[in-house]
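Copying in the features that Swiss-Prot gives for the protein in this structure:
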type: DOMAIN; residues: 94-227; note: domain 'Fatty acid hydroxylase'
type: TRANSMEM; residues: 3-23; note: transmembrane segment
type: TRANSMEM; residues: 68-88; note: transmembrane segment
type: TRANSMEM; residues: 91-111; note: transmembrane segment
type: TRANSMEM; residues: 147-167; note: transmembrane segment
Amino acid sequence: MRDPVLFAIPCFLLLLILEWTAARKLESIETAATGQPRPASGAYLTRDSVASISMGLVSIATTAGWKSLALLGYAAIYAYLAPWQLSAHRWYTWVIAIVGVDLLYYSYHRIAHRVRLIWATHQAHHSSEYFNFATALRQKWNNSGEILMWVPLPLMGLPPWMVFCSWSLNLIYQFWVHTERIDRLPRWFEFVFNTPSHHRVHHGMDPVYLDKNYGGILIIWDRLFGSFQPELFRPHYGLTKRVDTFNIWKLQTREYVAIVRDWRSATRLRDRLGYVFGPPGWEPRTIDKSNAAASLVTSR
């Protein structure tokens, strides 16, 4: 079975071109309330968009490789460990697959924002200061975490190909929520589904928006598990530490490099583990006495 994402690519490109064309008059820089320059709403920056599209093209190949690797494990789990095998011809099997993938995506996505090693695979998607359809294509190249997260699905008896198909459908749905061109939708839809308004919050680096709205298709997971945040104002997009590069290799690997640097700088095993498995931005709680004394002197 061919990946549904491949069939969706022409639609992705068409929507991207239409949005980019509409944004040509909006590429001037506006001044935010903080006095700092920021991209205008709905704007595109050519170098930023080229980087996003390039990462998306590479991710097609890397994702195919990860799926091929996962297929071996999923097939073995489905054939030898699953207590039963669900029929792909039953409608409820598709419901289980799509909802199951979405719930596990929420779980993985939340972990990816709270565990630095996994954040390193995901941060590239958040590295753009623009929020548009090109940003949707700024995908990671390391899907190992998702593959491990979805192991329960073939163990439940879902055919491996159906798991992959549901994964692709989840990804396709998420494309259209990466836009500032769509305001809020009807209340019932906003209550149940992930929407552009919800996902703008997720990409915001403002303190009130950090680590919120992890849902892929359904936003009800965020409402149930306490991570929902409504859109109160236009977010500032990007990472809390600005990334001054459009090099796609550096965008994908920068956090891994930072982890290695912090690991080497730490002198205690506890601190090293914190730098790897703690949340992004984690720092040791204890301060060297000499540094503390120096801080005390300078504070005077």
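Just so you know, glycine gets a Cβ as well, placed from its N, Cα and C.
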When DSSP states are grouped into helix, strand and coil, how many residues of the domain 'Fatty acid hydroxylase' (94-227) land in each?
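Split by secondary structure, the domain 'Fatty acid hydroxylase' (94-227) comes out as 82 helix, 3 strand, 49 coil.
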Which sequence positions outside the transmembrane segment (91-111), separated from its termini by at least 6 residues, show Cβ-Cβ distances below 8 Å to it?
118, 122, 145-146, 149-150, 152-153, 156, 158, 162-163, 165-167, 169-170, 211, 214-218, 221-222, 225, 227
As a test of reading the model: what is the averaged pLDDT for the domain 'Fatty acid hydroxylase' (94-227)?
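Mean model confidence (pLDDT) across the domain 'Fatty acid hydroxylase' (94-227) is 96.
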Give the nonlocal contacts of the transmembrane segment (68-88) in its own chain as ranges (CB under 8 Å, at least six residues past its ends).
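Sequence-remote neighbours of the transmembrane segment (68-88) are 94, 96, 147, 150-151, 154-160, 162-164.
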